[in-house]
Each structure stands twice: as C-alpha cells, then as structure tokens.
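Trainee: Before anything else, here's the structure in question.
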Amino acid sequence: MNHATSELHDESAVTSIPETTRLQDLKALVKMGIVNSNTLTVFTGFWLALHFNGLSVLDNLDKLFFTIVGSGLVMAGVCCLNNYIDRDIDPLMERTKTRPTVTGKYKPGFALTFGLVILLLGFVFLLLTTPMAVLMGFIGAFTYVVLYSLWTKRKYTLNTVVGSISGAVPPLIGWAAIDPSLGHPIAWMLFLIMFIWQIPHFLALAMKRVDEYRNAGIPMLPVVHGFEITKRQIMIWTVCLLPLPFYMSGLGITFMVIATLLNIGWIVLGFYGFRKKDDIKWSVQMFVYSLNYLTILFVSMIVVTFF
C-alpha cells in the first residue's frame, strides 16, 4: 500500500473516531478480550498441574499471582506489538479501524515501547515461578510477533496454523509454573486442544470477514481458495479434536463425556454448513459455538477435579 493510499485511509478513519475513555483505549491497545480468554487457559494449566502433582493452591498462591500477572503482561505486550505492526492495514478493516493505533489515540512509538516494556516485565514475573514458564512465554511471544505478525500473516494462507502455535502456549505456561518438566501427557493435550481449536475458530471468522481481509490484502484461506475449501478445512480440524478427550482419562469419565458431546455438537454443526446456502450465517454460528466450546471445556476441566 503506497503512502497516498495510507493517508486517505488515515483521514477517513479520523473523521469517524469514536468517543472513548483512556481506559477503553488502553484495553483496546492490549486487546484485553484476548488476554482475558487466554488467562482462563493459563489458569487451567496451572490448576491441573497442581492437581496431578498433589499440590495445594493455598500453598502456591504466590506462584499463582506471578503466573497470572506475568502471562497477562506477556500476552498484552505481544498484542501491543501486533497493533504496532498492523497499523498500516488496520484502517482497511471494519473490526480494526477503531483501534487506538489507527485513530491516533496512541502513537506508534508509544505502542512499540509500551509493548516491549510490559512484555519484558511479564518475563520477569514468570521468572519468579520457573525458567520453563519464561521459555514457554518466549516461544509464544516469538511465534506471535515474528513468525505470525511479521512473516506469515501477509504472505501465506498457513498464517492461521502458525498463529495457532502461539495461542496454544498459554496452558503450558501455567503448567510449567508448577511442573517445569511438562512431563504429564495432559499438559500436551491442553496444547493440542488449543492449537487445533484455533484453526476452525479463526477460519470461521475469516469467512465472516472475508471482504475485509481481501481489502487489506491478507491471504486468509477463504480469500485465496474460497468458501468450499475453507469449510472442508474447518471440518478436518474440528474432527481432529474428537479423539483428544480419550487421552485425558485422568480427568474422569464425566469430563470425557462432556468433551465428546461438545466435539460431536461442533462436528454436526460443521456438516450442516455443506447443506446451508448462507455461508456467512453458518460461519457466525461456528464462530459462536467455538467460543462457548472453549469456555465450557476448560471450566469443566477445573470443575471435575473437585469430585
């Protein structure tokens, strides 16, 4: 995109800057919604590591604090850096054109500096737990900022797969804070669930926002290969979730039943998409289901440990 085009988009964005508070702008800068949802997976990893190592949360409240704050700062930091990196294409998309780095509420230099500072501060907090937690945090940050935001996002349709690696790391951060060996198979099942779940989740979003991604020049799968291939890919990845609960028998039969029912429900909804004429409506249904799926699944993992 040339400078003239960029300036035109900047001007159009400025004319419709929404009224926001400083706190709202800060939340948008660090993508607080993403931080909050990922904090659930961090806590789940932490909680299950305590459970399977026979440890008490009351004896590890300090580690819980350092883990939640540290991982939250790391995630907020990389989201800041992503806003900085994407400031040229965000004005082209409806869902991102009101970000504070687009509207001018925060200057690019501030977003870059603030992102780096809180990212490093997050690593310091994680270091107060275990070095492995720091390593997991670094892997997640490097994958999201460098491999996804700077490299694959604007070049390859596999950008979704690459980005899903970083989104699968948070439960490992939580687990590593208690058990740095990461030797329990359930720790890696959490990683696999998060990795696989993100792909149909974000492909459904890409279908819903296909015109925006096309205008921004981002080669999402539905932009490059169309809806039919995207729907097939969504189904393949959704089906891949089906066997995973059976490798988590340590959480008991109740969890396995809940997880399997959630998987079957998602698969049934997915197959319905091949009969439905309104692909956009179906993609929204798949996206909403994926959000509920993740919340119910991870909350269930915690709840079943009480029985």
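From the backbone N, Cα and C atoms, a Cβ is placed for every residue, glycine too.
Not my notes, these are from Swiss-Prot:
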TRANSMEM  38-58  transmembrane segment
TRANSMEM  65-85  transmembrane segment
TRANSMEM  108-128  transmembrane segment
TRANSMEM  131-151  transmembrane segment
TRANSMEM  158-178  transmembrane segment
TRANSMEM  186-206  transmembrane segment
TRANSMEM  251-271  transmembrane segment
TRANSMEM  287-307  transmembrane segment
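Mind running through what each feature is packed against?
Mentor: For the transmembrane segment (38-58), same-chain residues at least 6 beyond its ends with a Cβ under 8 Å from one of its own Cβ atoms are 64, 67-68, 71-72, 75, 167, 170-179, 184, 186-187, 190, 194, 250-251, 295, 298-299, 301-302, 305.
Long-range contacts of the transmembrane segment (65-85) within its own chain (CB-CB distance under 8 A, at least 6 residues past either end) are made by residues 29-32, 34-35, 38-39, 42-43, 46, 99-101, 108, 111-112, 114-129, 133, 137, 140-141, 144-145, 149-150, 166, 170, 173-174, 177.
Here the transmembrane segment (108-128) has long-range neighbours at 29-30, 62-63, 66-67, 69-81, 83-84, 87, 100-101, 134, 137-138, 141, 173, 177, meaning same-chain residues at least 6 beyond its ends whose C-beta is under 8 angstroms from one of its own.
Beyond its flanks by at least six residues, the transmembrane segment (186-206) meets 41, 44-45, 48-49, 52, 160-161, 163-165, 167-172, 175, 179, 213, 220-223, 230, 233-235, 237-238, 240-241, 244, 247-248, 250-251, 266, 270, 283-284, 286-287, 290-291, 293-294, 297 of its own chain at Cβ-Cβ distances under 8 Å.
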Trainee: Same chain, outside the transmembrane segment (158-178) by at least 6, Cβ under 8 Å from its Cβ: which residues?
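Mentor: Sequence-remote neighbours of the transmembrane segment (158-178) are 38-39, 41-50, 53, 55, 60, 63, 66-67, 70-71, 74-75, 78, 126, 129-130, 132-133, 135-137, 139-141, 143-144, 147-148, 151-152, 184, 187, 190-196, 198-199, 202-203, 206, 218-221.
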